[in-house]
Amino acid sequence: MKITGSGNDFVMFNNLKRVVKNRRQIAIQVCRQKYGVGADGAIFLEKSRKADYRMRIFNPDGSEAEMCGNGLRCLVRFIHEQKLSRRKKFLIETLAGNYKTFINGFDVSIEMFLVEKPRFNINLEINGTKIIAHLMNTGVPHAVIIVEDVETLDVKKYGPLIRYHRTFQPSGANVDWLQIINRHFGKIRTYERGVEDETLACGTGIVASVICAAMLNKFSSPVEIEARSGEKLNVSFADDFSQIFFKGKTKLVFEGQWINR
């Protein structure tokens, strides 16, 4: 089943019976454009001893991600589409921790949290240009850069240079460029590691960017963010950031059988 969260698309597998073992290889095959299904990631729904379910997510290059905000929202939609439960609330285990999720129709929200203490005002020099980045970890690391206009960015050129910058080694970082329109609205573009390209939306990146800007006193809750897909997602948070909620729509694209011949 293929489900998209605001343009961030995933191929979903019901692996509750642990039939699938070679997750990495399957992810590489199904995510491949033209020769596979084509997606930003492959997600496997599995049993958990710590929560209601467990999410395993693999990037198109076969690497496993600790967490994916839009992927987690799509997984909850998948649980409902598979008629595995009629419940509206689930606790989902990921490599980054356990997340509370909520579904209402096609809308899915997640209670997010910061995995590590933020690092602000990191000075980078990229091809002779000085850039100020802020490192946030909302399950995966994000280098957040606040810019005047996201439309003029050369994401394909600068994305890899920042993603692989020595400052963020050894694991590297996703890269988010945030344009602040007003205290409750902004636009974003993201270069995702593992996908190694710009994606139409990135949930952890949106949350990382909003919380980063809010901590710098540039945003106030709630905040609406327009992703590259043109769709809008919502982030709300407590004044002390003890509670952070990420909400957006999900869409079932198609379902079928994966036959690798």
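Residue numbers in this text run from 1 along the chain shown.
Cβ coordinates are placed from backbone N, Cα and C, and glycine is handled just like the others.
Automatic, uncurated: that is what TrEMBL annotation is.
According to TrEMBL:
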type: BINDING; residues: ASN8, ASN59, GLY69, ASN70, ASN174, GLU192, ARG193, GLY203, THR204; note: substrate binding site
type: ACT_SITE; residues: CYS68; note: active site
type: ACT_SITE; residues: CYS68; note: active site, proton donor
type: ACT_SITE; residues: CYS202; note: active site, proton acceptor
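Rounded to the nearest whole angstrom, the C-alpha distance between ARG193 (substrate binding site) and CYS68 (active site) is 12. One way to see the shell of the substrate site is to take the Cβ centroid of ASN8, ASN59, GLY69, ASN70, ASN174, GLU192, ARG193, GLY203, THR204; the remaining same-chain residues with a Cβ within 8 Å of it are ASP40, GLY41, ALA65, CYS68, GLY71, VAL140, THR190, VAL195, THR199, CYS202, GLY205.
There are 29 other CB atoms within 10 A of the CB of the residue listed as 'active site', with all protein chains counted. Following the DSSP three-state reduction, the secondary structure of ASN174 (substrate binding site) is strand. In this structure, the C-alpha atom of CYS202 (active site, proton acceptor) lies 10 angstrom from that of ASN174 (substrate binding site). Taken over all pairs of the listed substrate-binding residues (ASN8, ASN59, GLY69, ASN70, ASN174, GLU192, ARG193, GLY203, THR204), the Cα spread reaches a maximum of 15 Å, rounded to the nearest whole number. Under the DSSP three-state reduction, GLY69 (substrate binding site) is assigned to helix. Using a 10 Å Cβ-Cβ cutoff, GLY69 (substrate binding site) registers 27 neighbours. Mapped onto three states, the DSSP output places ASN8 (substrate binding site) in strand. The Cβ of ASN174 has fewer other Cβ atoms within 10 Å than any other of the binding-site residues ASN174, THR204. Across the fold, the C-alpha of THR204 (substrate binding site) and the C-alpha of CYS68 (active site) stand 6 Å from each other. Shown in sequence order, ASP40, CYS68, ASN70, GLY71, CYS74, THR199, LEU200, ALA201, CYS202, GLY203, ALA227, SER229 are the residues of the chain, 6+ apart in sequence, with a C-beta less than 8 angstroms from the C-beta of ASN8 (substrate binding site).
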